[in-house]
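Enquirer: Here it is: the structure, laid out below.
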Amino acid sequence: MSPDKGTLVGANEKNTWSDVETGSNVSSGSWTKRLLKLGVEVRGIRPVPELERTDPQYSKIFFIWFSANFNILSFSAGTLGPVVFGLGLRDTCLTIVFFQLLCCLPPAYLSTWGPKLGMRQMIISRYAFGYYGVILPCIMNLIGMTGFSILNSILGGQALASVTTSLSWSVGIVVIAVISLLVSFCGYKVLNWYERVAWIPVLITFIIALGVGGKHFTSPPPAEPATAGAILSFASTLAGFSVTWSALSSDFTAYLKPQVASWKIFCYSYLGLIIPIILLQCLGAAAAVAASVVPEWEEAYTGGNVGGLLEAMLRPAGNFGKFLTVLLSLSVAANIAATFYCISLNIQVFMPFFVVVPRYVFSIVATAIVVPLAIVGAHRFYDAIVNFLGLIGYWASAFVAIVMLEHIVIRKNNFAMYDVEAWDIPSRLPSGLAALGAGILSFGLVIPCMEQVWFVGPIAKTTGDIGFEVAFAVSAVLYLPFRWLEIKWRGMR
């Protein structure tokens, strides 16, 4: 029996997980029904039927993206320009602005697919990668989301620990992870409510930080002239920060009414991404540059302690500044909660037999994985973030090229050309050979174009890191002929 027809919970029970997802016909004493009454979302990766896509509050997607990116991680990514790549403040900010305006386009565009198909992003990707082929990008996406959750947990733990010497980074990480778990456990409704308000105290805190520390930003020290290699390498890191949202874009829009104009969802999503990312990354760059000439900031920033830097910026506000630092530490929960939510969905795609397990169970699993890894990696933050963001940008770029070409060229930008009923039927989906072939073979040219701490390709030695751009271009060039051959071979899309 296909899972979307309902898989029995037990031999003697009449209820199906499809019933559970809609909250109907579930025995009154069941644990699941109690959670449903509390507003906990149980639905996993099964498409949302059109009759259940009834949410008319389209602005929700703006607040999800805004709150998820309006936090310390965006701030810390901006510090990489001057600290790691040796760029001056002007060159760092210009690189951030131009590349983020470009890199935020794919996730904003893919967000528009959710209301039309009612599918999560990795389920939509089956229509290019196939039922089994999508497992590879799903694994890469799980690694990416777990990595972001680890980085955010480290930053939140650092910020909490900087307020008092009696709290270690490890305890701070656990506190942040548990708060994030509570939100992601509840699912769509609670997540949307939380993301709608989570940005407010963060905005107030950063405004106050600018008020008490802004005088140090007025005269940045002179910097060495920027090289093209440094700018491109920094840009590749920035791409890893924002393009990777593409692999989970429609996860947040599958419940919205399908009648909504796609341009509205795109605009809400794009603005929700670029405003916090650009503003906070530029602020992070300014703070990192100023730290080199402000002794108190430099001392607090020792070892890449971004939380300590923020605490030092707010220190003139006294105990109120410590309270604001706590609020900043909690800001990462908005990102982690949204990511845990998507991890719980991706696990079901990675291992389809888990489709009968309620989504919220995997939020607990994600927390159990992230906490120990964050504690272990807490004292190597900058090494972790540079290596991580650089690497995940490559696969995400290839993924975006493939799924967008599948939709725009192969399916003629027409959602009616998706056989929605075939979402879990391998024989009615593409084989995935074209997508996997294009993505994997592109790395034959991507690897020579990579510039990482542990490896610099022969092309990158001259150009800087252009692996992100090459992954997109080569995957696009290879995918279309591969896909047309596949269609001719199988006689179906």
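Cβ coordinates are placed from backbone N, Cα and C, and glycine is handled just like the others.
Pasting the relevant annotations from TrEMBL:
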TRANSMEM  62-88  transmembrane segment
TRANSMEM  94-110  transmembrane segment
TRANSMEM  131-155  transmembrane segment
TRANSMEM  167-185  transmembrane segment
TRANSMEM  197-214  transmembrane segment
TRANSMEM  226-248  transmembrane segment
TRANSMEM  268-294  transmembrane segment
TRANSMEM  323-347  transmembrane segment
TRANSMEM  359-382  transmembrane segment
TRANSMEM  388-410  transmembrane segment
TRANSMEM  431-454  transmembrane segment
TRANSMEM  466-485  transmembrane segment
Enquirer: Rank 94-110, 167-185, 268-294, 323-347, 388-410 by Cβ pairs under 8 Å to the transmembrane segment (131-155) and hand me the top one.
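Expert: Looking at each of 94-110, 167-185, 268-294, 323-347, 388-410 in turn, the most contacts to the transmembrane segment (131-155) are made by 323-347.
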Enquirer: Looking only at the recorded stretches 94-110, 197-214, 268-294, 466-485, which one has the largest tally of CB-CB distances under 8 Å to the transmembrane segment (323-347)?
Expert: 197-214
Enquirer: Between the transmembrane segment (268-294) and the stretches 62-88, 94-110, 197-214, 388-410, work out which stretch tops the count of Cβ pairs under 8 Å.
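Expert: If we count Cβ pairs closer than 8 Å to the transmembrane segment (268-294), 62-88 scores highest.
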Enquirer: Which bits of the chain, at least 6 residues beyond where the transmembrane segment (197-214) starts or stops, bring a Cβ under 8 A of a Cβ in it?
Expert: 63, 66-67, 70-71, 276, 280, 283, 287, 290, 297, 310, 313-314, 316-317, 321, 324-325, 327-328, 330-331, 333-334
